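Shown next, in structure tokens, is the structure this report addresses.
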Amino acid sequence: MGNRTFTMIKPDAVANGHIGAILEKINGAGFRIVALKMTRLSTEKAGEFYAVHKERPFYGELVEFMSSGHIVAAILEKDNAVEDFRKLIGATNPANADAGTIRKLFAESLGRNAIHGSDSDENAAIEGSFFFSGLEQF
Ligand code: DAT
Ligand code: MG
């Protein structure tokens, strides 16, 4: 058993029909899907999820975008999950993302960048529990 990270396929990638291709990339890179759900964030919940960014100039745009359509939330397991998943998704701005990364392949722009990946083990646990009950993470 490896350790865990949390991901969300964002509203742009869901609306553009990329859920299947992104899940295939995730499985192909050796991540096991522990928990998975399609849902939608209210503006309140999106604001809470991204509260760490609330003083940033892009916060309003981010919250509006993240609550604009359905998302797919998942908990993933692999050795070195957090770091390896950040490599798989690529740079925040898809213009700077390496070839073959999920953001290079599927993101529309810096603000609409297809996918989220936790940035630490601690945040992976917090973010996973934002969407999934204890039993659902088993
Ligand atoms: P990441 O998602 O790579 O961890 P982040 O935590 O710095 O990036 O920012 C969260 C999200 O906010 C990011 O995925 C897209 C959006 N964002 C970041 N910087 C932005 C900017 N300068 N303008 C617009 N949106 C931005
Ligand atoms: Mg981040």
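Glycine is treated like the rest: Cβ placed from N, Cα and C.
The ATP site in TrEMBL is built from LYS10, PHE58, ARG86, THR92, ASN113 plus one of ARG40, ARG103, namely ARG103. Secondary structure from DSSP puts HIS116 (active site, pros-phosphohistidine intermediate) in a beta strand. Cβ neighbour count within 10 Å across all protein chains ranks ASN113 highest among the binding-site residues THR92, ASN113.
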